[in-house]
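Working notes, beginning with the structure itself.
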Amino acid sequence: MDKFTTHTGVGVPLRRSNVDTDQIIPAVYLKRVTRTGFEDGLFAAWRDDPDFILNNPVYAPGSVLVAGPDFGTGSSREHAVWALQNYGFKAVISPRFGDIFRGNCGKAGLVAAQVDEKVVQRLWTVLEDQPGASVTVDLESRSVRAGEGENAVEDSFDIDDYTRWRLLEGLDDIGVTLGHESDIAAYEGRRPSFKPVTQHA
Amino acid sequence: MGRTLSEKVWDDHVVRANAGEPDLLFVDLHLIHEVTSPQAFDGLRLAGRQVRRPDLTLATEDHNVPTLDWDKPIADPVSRTQVETLRKNAEEFGVRLHPLGDLDQGIVHVVGPQLGLTQPGMTIVCGDSHTSTHGAFGAIAFGIGTSEVEHVLATQTLPQAKPKTMAVTVNGSLPDGVTAKDLVLNLIAHTGTGGGQGYIVEYRGAAIEELSMEGRMTICNMSIEWGAKAGLIAPDQTTFDYIEGRPEAPKGADWDAAVAYWSSLRTDDDAEFDREIVLDASEMTPFVTWGTNPGQGVPLGASVPSPQDFEEESDKVACEKALAYMGLEAGTPMREVAVDTVFVGSCTNGRIEDLRLAAEVIRGRQVAESTRLLVVPGSVRVRLQAEEEGLDVIFKEAGAEWRGAGCSMCLGMNPDTLSPGERSASTSNRNFEGRQGKGGRTHLVSIPVAAATAVRGTLSSPADLD
Ligand code: SF4
């Protein structure tokens, strides 16, 4: 996984709450066996709508998505994270994320920055008043910044310490766990024998 | 101070705890299916890693398989490749697989309990958010993403931050004709879709204890629909009776040791939950959704709400958007909403008890002319059991379609989908926009409501048929 310290890019105001992972990418797009190419399914139901925000050329090169509360609820499909990444997003900002989605972001290297709902409102205002404006997501200082002058937004965001550390270091989670192999083996040694197995010797 | 049930199960699985880090939890059972696993196996190959515990891993094919012509090669080449990829991966890494055509194929959350692999006090994960179903047995069970699937394959563990605890106490008894599905839809309408976020929920109280294992699975299944990390129910005699004698249930001395352990899995009297919700089952009625998330529901006897009924601005906007998508007028009685397709199935309501209940309502009646009824058993064993009991004949004589096992129209990944604008009454768990097909409109309902709706052609309960 690549290290992430800070990113500045075009902000996309997505004025919707409860964007579940079926809306981020519908099931019919989940048939591929790769981690790439899912950008075609991103927000598929909305992409035919000329008024949809990503169909506006100013927002099309966006890399920071600013969404309403409960973004990424529902299905566990990590394809939702890949679709956002494949499209070019590096970070998503929302007042509240679906649990599994947020976990998937942390594993796949997409920053899920949780902010106060008021901050999202202010970011939306900046990004709509100045289409194409940039948003900075700084993982080191856990802060988001956008706009200039009176409307400028600068605020902190929440992300758990462990995920932040792994993203900053670009660490492979499995590698970290395998460093504790002896603990795993010790646990296996004391597991009760009545626990079920799927294969019998 | 005492501990809650979920704390006991959690503590029993901590491989390693270190301040400032998530706990490293051991995973007792890892369930796998074709859609969320291919990239995980690729990751293993790329890093030259093995599956650490193939003996704690089980794969089946469910999300992307056809329910018609399932004995022929899959027609869609992309779907076929995905299913074949699972077969190759299972073979290469030594994972037990129940493929299409096998007696134990079916929806992963139906197959685990049916084999007796789902037992109290376990940790169970799967790349599917409805893994919470297995919590009905007193297990900590939750959905994970593909990177985590790879992590479990490689290490049989997962780093997890300990969630807070919540109790949902449901007092009283459910009235006749009101099911576990109505109960959970009621609960979600009460809490909202984010109400459970950050919690492991224990469902308790008289109404929960009175439920069969099937009903308990329906409740735990939908924990994710109100944002909970997992949901579970203390194991009791009902649980033990369900497990005993199943193919992978403990036998002999192991059974006795297991039951002794399982019996200790109860929340201590002096344990404290971080939050508690109390509901009264005796006041509940059949419940249906009108909107585009599972929290947007009302009693079947009520009418479609209006944006004005909501206080919060965001709820007004959400209501307006949902009504536009659903093609509904505020104030329309729910009972007058005409339905094109009724879907009976999924890991929420696709077990044998569900099919029996549906058949009981359908028996001797006809599916309405303007409506189609699709009955999709949750697993091959459920299908065969239903056929042995003649349920398939009841459905077919009423004009319903009797299908092969799988997820089918729950997520519309195979050819079983709604067309744009088509309206369904569905016993599944999600009414999201486009969930059952692009532009499709979904009302979540219980089994009796689904069956009665198929007969009358509008949202109905069996009481409306007399
Ligand atoms: S039936 Fe539906 S909810 Fe259940 S596992 Fe299949 S797709 Fe997921």
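Glycine is no exception: its Cβ is also placed from the backbone N, Cα and C atoms.
The following features are taken from TrEMBL:
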type: BINDING; residues: B:C347, B:C407, B:C410; note: [4Fe-4S] cluster binding site
type: REGION; residues: B:417-443; note: region 'Disordered'
Listed in sequence order, residues with CB under 8 A of B:C347 ([4Fe-4S] cluster binding site) and six or more positions away: B:I107, B:V108, B:H109, B:V110, B:H130, B:T133, B:M217, B:N221, B:G378, B:C407, B:C410, B:N429
Cβ-based neighbourhood (8 Å from the centroid) of the [4Fe-4S] cluster site, residues B:C347, B:C407, B:C410 excluded: B:D62, B:H63, B:I107, B:H109, B:H130, B:G345, B:S346, B:T348, B:G350, B:G378, B:G406, B:S408, B:L411, B:S428, B:N429
B:C410 ([4Fe-4S] cluster binding site): tally of other CB atoms within 10 A of its CB: 30
Secondary structure at B:C407 ([4Fe-4S] cluster binding site), reduced by DSSP to three states: coil
Residues in the region 'Disordered' (B:417-443) grouped by DSSP into helix, strand and remaining coil: 0 helix, 7 strand, 20 coil
C-beta crowding around B:C407 ([4Fe-4S] cluster binding site), within 10 angstroms: 32
Assigned conformation of B:C347 ([4Fe-4S] cluster binding site) - DSSP reduced to three states: helix
